[in-house]
């Protein structure tokens, strides 16, 4: 096994195999939609499941973040000149760093079935797809525009695993649409599952509806017209909202765009992001009264975020209460610099060097 494969395997969740169990466009099968190279393998980080017999109990503990921080490679441990930051200058550096949400990663049990649903029912385009048989997984990138300028989804299929536990912590993905009712009609016609019929949100006037994809991930459709970023939200539940807001503001450099409390429904939410929510994807953090911990399941993986300096990003994350689970540095064989971390609630994110990311897309 290569050093890259070993590094990736250490970061993958160790899990026993589960029991057996809008607009529209066609899935594009052109050669340009497929990528058989290993480029951007870093974004598969943490989304594939290894063969459990290859790891054992100690590795399983590492994968669950219960032991020591993992390292990308020996070179990643070498402090680079000029990268150190302190609390005095960290906030300013984070604020001025060029960051954006690149994509969100999660696992599915039938890649072809999910691609069909996303393209025919949700109007996404298949941007690229690849199969890595030597590591027992395939993945696909889908979205509403090119990866160099749009927030997209990365779907991962692990050979032989057809079902995942989504857990109670993950909430939903949000999609802006022009007409929620028409989108729901299309989804029903295609055999999709509608879990909330179109109607005003209980805490406002926006018309919304909810649908489930083939794996049970919820998508909330929001009638807000055309948007440069139709894939507009990732909602995660947290146990301490003020703590989470403080962390994402200081360590991630996100702005608090909106915060609302609904005592009649016993929850509070906050929208965090890198710009106005009508033009940028946002992270929606939800706190349900009295609930401080959630089952994160094994389906949802992480969000990838671009940065000008993964070393300084990692230092800022440590300063403000995050845990580094992959030390910053270039991955062997790829030379793309990344770092991975957990927020105070245990949600994982990966920071990717902006220049390296653009090179990988060439």
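Every residue gets a Cβ built from N, Cα and C, even glycine.
Counting only same-chain residues at least 6 apart in sequence, those with a Cβ under 8 Å from the Cβ of residue 220 (active site, proton donor/acceptor) are 172, 173, 174, 175, 208, 209, 210, 233, 235. Summarising the annotation, TrEMBL assigns active site, proton donor/acceptor to 220.
For residue 172 (Zn(2+) binding site), the Cβ neighbour count at a 10 Å cut-off comes to 19, with all displayed protein chains included. What TrEMBL lists as Zn(2+) binding site is 154, 172, 220.
Taken from TrEMBL, the feature domain 'VOC' applies to 100-224 (among others).
Across the domain 'VOC' (230-354), the prediction's mean pLDDT works out to 97. What TrEMBL lists as domain 'VOC' is 230-354 (among others).
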Original post:
What count of other C-beta atoms do you get within 10 angstroms of the C-beta of residue 154 (Zn(2+) binding site), across all chains shown?
Top reply: 25
